[in-house]
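Features as listed in TrEMBL:
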- ASN91, HIS96, GLU101: oxalate binding site (BINDING)
- HIS94, HIS96, GLU101, HIS140: Mn(2+) binding site (BINDING)
- 50-193: domain 'Cupin type-1' (DOMAIN)
- 1-24: signal peptide (SIGNAL)
Amino acid sequence: MSSTNLKLLSLLVSMLSVVHITTASDPDILVDYMAPNNAAGDFFTSTSFRAIRQPPPPTFTVTKASMKEFPALLGQSVSYAALQFPANSINPPHTHPRSAELLLVVQGSLQVGFVDTTNKLFTYTLETGDMFIFPKGLVHFQHNTANNHPALALSAFGSANAGTVSIPNTLFNSTIDDNILALAFKTDVATIQTLKKGFAPK
């Protein structure tokens, strides 16, 4: 094989490796499920959503059924979350680095949106029974704009551990230097410190 053909083959293998890496998700398992040897039916059952309270809690609340809370999901590439919104509450801008999110409004209405990599904003007001997809890794939010009515939504994820990166919390409840944040937001250090106070542990 000529050196040119070897270079082309090497380039092709490298490109296929990059494609494989960028399309990776939860690892495939080589067994039916991951469970202790003495597992019974209760191992494959989660009752965590029974705890969803009515009336809703006083602040936005997420009840998760992910790999951490429901170990039977390990290797199954699926998880859920129940999102409870009191009147006029928000799920702040955030991302899920390992999965898209399919949201179903079960009660009330929600203003939702995401921003793509070209900074284009896609928003919609969802009513009960409506669904919305938030693409994997993109910044998105949900807002119950009603002043007197709660909202409830269920979110499905294509990962047992979708991960959540809260943008405000990541920026203002971390050890990122105040000067860096001030430069990034084109403001002064005093403003950054005021913002950080709102995210300090209470």
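Each Cβ is built from the backbone N, Cα and C atoms, and glycine gets one as well.
TrEMBL does not curate its annotations; it predicts them automatically.
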How does the domain 'Cupin type-1' (50-193) divide up by DSSP, counting helix, then strand, then coil residues? 23 helix, 57 strand, 64 coil
Between HIS140 (Mn(2+) binding site) and ASN91 (oxalate binding site): CA-CA distance (Å): 9
Note on oxalate: the CB centroid of ASN91, HIS96, GLU101 has further same-chain residues inside 8 Å, namely ALA81, HIS94, THR95, LEU103, PHE134, HIS140, GLN142, SER155, PHE157, ALA162, THR164
Additional residues around Mn(2+), ordered along the sequence, whose Cβ is within 8 Å of the centroid of HIS94, HIS96, GLU101, HIS140: THR95, PHE114, PHE134, LEU138, VAL139, ALA162, THR164
Fill in the CA-CA distance, HIS94 (Mn(2+) binding site) to GLU101 (oxalate binding site), as an integer in Å. 12
Number of other Cβ atoms within 10 Å of the Cβ of HIS94 (Mn(2+) binding site) across all protein chains: 19
How big is the Cα-to-Cα gap, in Å, between HIS96 (oxalate binding site) and HIS140 (Mn(2+) binding site)? 9
Other C-beta atoms that fall within 10 angstroms of the C-beta of ASN91 (oxalate binding site): 24
Check each residue in the chain of GLU101 (oxalate binding site) that is at least six apart in sequence and keep those whose C-beta is under 8 Å from its C-beta; list them in sequence order. ILE133, PHE134, HIS140, SER155, ALA156, PHE157, ALA162
What mean pLDDT score does the domain 'Cupin type-1' (50-193) have in the model? 95
